[in-house]
Amino acid sequence: MALVTTAEVCDTNPQLIVSGELRALQPIFQVYGRRQIFSGPVVTVKAYEDNVLIREFLEEKGDGRVLVVDGGGSLRCAILGGNPVVRAQNNGWAGIVVNGCIRDVDEINGCDIGVRALASHPMKANRKGVGEKHVPITVGGTRISDGEWLYADTDGILISRTEASV
């Protein structure tokens, strides 16, 4: 699959921007992981300061999907660390976008996967299993649903209702 940049997607699909089918997330995410450009169908999870559901997803086969985590924007602890990211890489996930913090940045930056998060934080999250899978979430000022498509590169992150053509 050819790598598609977010600028190409925007420039080729102005009608989708006007209709709201193609949306850009606010530019609030830091870039982690070796894969600078990634895209794929979205899987959503809502998990505030708890990483159990996130870890469960990343232990599944990724099949080129992107896990989008609504961590409520918490800057109080990391809800994603190095071990789950290594698992995600090995299980074929294209990327992970976290509306919250990560840790083990050096380990994550060594992985061939795309990761976006608000920041890094040394404290780990709770492990109570609180949260919801496959629910509509709002991340970066944008409503995101399971099955939509995410495109990410160093310019930003786009969400499209369907796979965009370029």
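Just so you know, glycine gets a Cβ as well, placed from its N, Cα and C.
The substrate binding site annotation in TrEMBL covers Gly81, Gly82, Asn83, Pro84, Arg103. The Mg(2+) binding site annotation in TrEMBL covers Asp104.
Taking CA atoms as the reference points, Gly81 (substrate binding site) and Asp104 (Mg(2+) binding site) are 6 Å apart. Cβ neighbour density within 10 Å is lowest for Asn83 among the binding-site residues Gly82, Asn83, Arg103. With the fewest other Cβ atoms inside 10 Å of its Cβ, the least crowded of the binding-site residues Gly81, Pro84 in this structure is Gly81. A sphere of 10 angstroms centred on the C-beta of the residue listed as 'Mg(2+) binding site' encloses 21 other C-beta atoms. Considering only the binding-site residues Gly82, Asn83, Pro84, Asp104 (Mg(2+) binding site) has Gly82 as its nearest partner by CA-CA distance. Surrounding the centroid of the Cβ atoms of Gly81, Gly82, Asn83, Pro84, Arg103, where the record places substrate, the chain contributes additional residues within 8 Å, namely Ala78, Leu80, Val85, Val86, Ile102, Asp104, Glu107, Ile108. Across Gly81, Gly82, Asn83, Pro84, Arg103, which the record gives as binding substrate, the greatest C-alpha separation is 11 Å.
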